[in-house]
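Novice: Please see the structure below; I have some questions.
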Amino acid sequence: MGTTITAYDTIAAISTPPGEGAISIVRLSGEAALQTAAKVYHGKNLLKVPTNTINYGHIIDPDSGETVDEVMVSVLRGPKTYTREDMVEINCHGGIVSTNRVLQLLLGAGARMAEPGEFTKRAFLNGRIDLTEAESVMDLIRAKTDRAMQVAVDQLDGDLRRLITNLRQEILEVLAQVEVNIDYPEYDTDQMTTKMLQEKAQLVLSRVDELLQTASQGKVLREGLATAIVGRPNVGKSSLLNHMMHEDKAIVTDVPGTTRDVLEEYVNVRGVPLKLVDTAGIRDTDDKVEKIGVERSRQAITKADLIILVLDASQPLTAEDEALIKATAAKKRIVVLNKQDLPAQLDQTQLAALVPAEQLIRTSILKAEGVAALDQQIASLFFGGIENSQTTVMVTNSRQIGLLRQAKASLQSVLAGIEAGMPIDLVQIDMTAAWDKLGEITGDAAPDELITQLFSQFCLGK
Ligand SMILES: Nc1nc2c(c(=O)[nH]1)N(C=O)[C@@H](CNc1ccc(C(=O)N[C@@H](CCC(=O)O)C(=O)O)cc1)CN2
Ligand SMILES: Nc1nc2c(ncn2[C@@H]2O[C@H](COP(=O)(O)OP(=O)(O)OP(=O)(O)O)[C@@H](O)[C@H]2O)c(=O)[nH]1
Ligand SMILES: [Mg+2]
């Protein structure tokens, strides 16, 4: 990742969402961005206007002389731009047809259609941002809660980049020292070298461990916590989903077996994004459609990170309830004892023997009672720790997590090697591997295919 800017061709894309809007932006980046725009623009000479100015004018079809749109054009000269290249942004009236015409004219004037994420990719290739910052751009766009957005903004600010860069620096220093000591063996510094390597490996390992501990929460923030609402028919699962959504999404009736299919919705519960899955009530059934639904419910249990098991307090515990309690016992779970507004029929002592008290929440969804306690339980299950520590750097995506795990394994090999009295140059190899893996996180040592693959997941025009 150099600081000198390689010349890339000039790319163009519509950077606003497709559809009708008040304004839409067509963006250009590359060596010939200004010249390309100037070919289709009538107004001040874009090649002469000061940088970071916005200029009023018209887009004209150079072939027909026809006016295509009335626009405002930003001129942004590199290297102080998003991509570090010369950039032009054309603010069009938000019509689909006219915005597309403007893009087509730019392509006719010599620009190439940008690939998804290519603007951000150039910001990376030109050294303005590292891979963690680039990834955070995507996280920021997709963030579903304030908290997830904050984590992304911090990462965009370079928090993770700085942390990883510092760790790599620590490793590099010790590796350089080892190198010197190997070159001058007459100083008999072997023991010192080993001790230094060991201390450094321990230090870096503990930092990597701290980061990895944020991973499960980070992933939940980013992707949402897969939460399955399960229970036998008619206990109030769909009612619970609707209540949490503040919206009547699922069909609720007093007919058992109402929900036939699995319904997925995103909700934000006190900062925890849940991917909530309403399932068909589980029971033995001969109904063909319901049977498939029940099978899907069982799969939803397997896939879920969190289970909300709903029971009906107004009826005795059934064999199906018991089977479900047992089937979900090993999972992270909250058991909701619903219909508290009706006369109680369920045997509390029988239940207490099956479900730990701290997992139990009593509700009447009909009367909107007890649901706040449920929200609280979900929040404390997952954010008990981090809500108070706003400043922690978090790792949020599986690519970063995977590389941290690999770095950890290499550091553990360093320590095991030293322990076993292995020769220093072998230990050195593992230490170097850790340095490499950390470098892949920031992109300082990332293979080309990875970079291509990573940016292809971006939106067009970003
Ligand atoms: N119109 C518009 N709005 C936008 C963007 C854009 O590209 N265009 N952005 C696109 O995602 C975001 C803003 N992100 C940006 C990040 C860095 C720079 C930039 O020019 N950085 C330079 C110089 C900064 C300065 O003048 O101090 C640099 O870091 O060298 C610009 C936008 C959100 N809003
Ligand atoms: N009295 C009372 N009735 C409730 C409560 N919660 C839900 N109900 C009613 O119970 C019936 C079933 O609710 P649903 O939400 O459809 O139940 P479900 O678990 O999704 O049922 P299936 O989709 O058939 O598995 C409806 O008539 C609801 O209005 C509650 O707290 N108290
Ligand atoms: Mg239902």
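Each Cβ is built from the backbone N, Cα and C atoms, and glycine gets one as well.
Not my notes, these are from TrEMBL:
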- ARG27, GLU89, ARG128, LYS462: (6S)-5-formyl-5,6,7,8-tetrahydrofolate binding site (BINDING)
- 224-383: domain 'TrmE-type G' (DOMAIN)
- 234-239, 253-259, 278-281: GTP binding site (BINDING)
- ASN234, THR253, VAL255, THR258: K(+) binding site (BINDING)
- SER238, THR259: Mg(2+) binding site (BINDING)
Novice: Whose Cβ lies within 8 Å of the mean position of the Cβ atoms of ASN234, THR253, VAL255, THR258, the K(+) site, other than those residues?
Specialist: PRO233, VAL252, ASP254, PRO256, GLY257
Novice: Can you tell me the three-state DSSP label for LYS237 (GTP binding site)?
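Specialist: The three-state answer is helix.
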Novice: I'd like to verify something. Among the binding-site residues LYS237, SER238, PRO256, THR258, THR259, which ones have a C-beta closer than 6 angstroms to some atom of ligand 3?
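Specialist: Close enough to ligand 3 are LYS237, SER238, THR258, THR259.
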Novice: Under DSSP, is VAL255 (K(+) binding site) helix, strand or coil?
Specialist: coil
Novice: Once the chains shown are all counted, how many other Cβ atoms turn up within 10 Å of the Cβ of SER238 (Mg(2+) binding site)?
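Specialist: SER238 (Mg(2+) binding site): 25 neighbouring Cβ atoms within 10 Å.
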Novice: Pop the Cα-Cα gap between THR258 (K(+) binding site) and LYS237 (GTP binding site) into the table, whole Å please.
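Specialist: On Cα coordinates alone, these residues lie 10 Å apart.
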Novice: Identify which of the following binding-site residues, namely ARG27, GLU89, ARG128, LYS462, place a Cβ less than 6 Å away from any atom of ligand 2, and list them by sequence position.
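Specialist: What lies within reach of ligand 2, judged by Cβ under 6 Å, is none of the binding-site residues.
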Novice: Where the distance is taken from Cα to Cα, which of the binding-site residues ASN234, PRO256, THR258, ALA280 turns out closest to LYS462 ((6S)-5-formyl-5,6,7,8-tetrahydrofolate binding site)?
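Specialist: Comparing Cα positions, the candidate nearest LYS462 ((6S)-5-formyl-5,6,7,8-tetrahydrofolate binding site) turns out to be ALA280.
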Novice: What count of other C-beta atoms do you get within 10 angstroms of the C-beta of ASN234 (GTP binding site), across all chains shown?
Specialist: 22
Novice: According to DSSP, collapsed to three classes, what secondary structure does ARG27 ((6S)-5-formyl-5,6,7,8-tetrahydrofolate binding site) have?
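Specialist: Assignment for ARG27 ((6S)-5-formyl-5,6,7,8-tetrahydrofolate binding site) reads strand.
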Novice: Taking THR258 (K(+) binding site) as the reference, which of ARG27, GLU89, ARG128, ASN234, SER238, ALA280 (the binding-site residues) have a CA within 10 A of its CA?
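Specialist: Near THR258 (K(+) binding site) by Cα: ASN234, SER238, ALA280.
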Novice: Given the binding-site residues ARG27, GLU89, ARG128, VAL255, which lie close to ASN234 (GTP binding site), meaning Cα to Cα within 10 A?
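Specialist: Within 10 Å of ASN234 (GTP binding site): VAL255.
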Novice: Return the residue, from the listed binding-site residues VAL255, ALA280, with the maximum count of other C-beta atoms within 10 angstroms of its C-beta.
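Specialist: Counting every other Cβ within 10 Å of each candidate, the maximum falls on ALA280.
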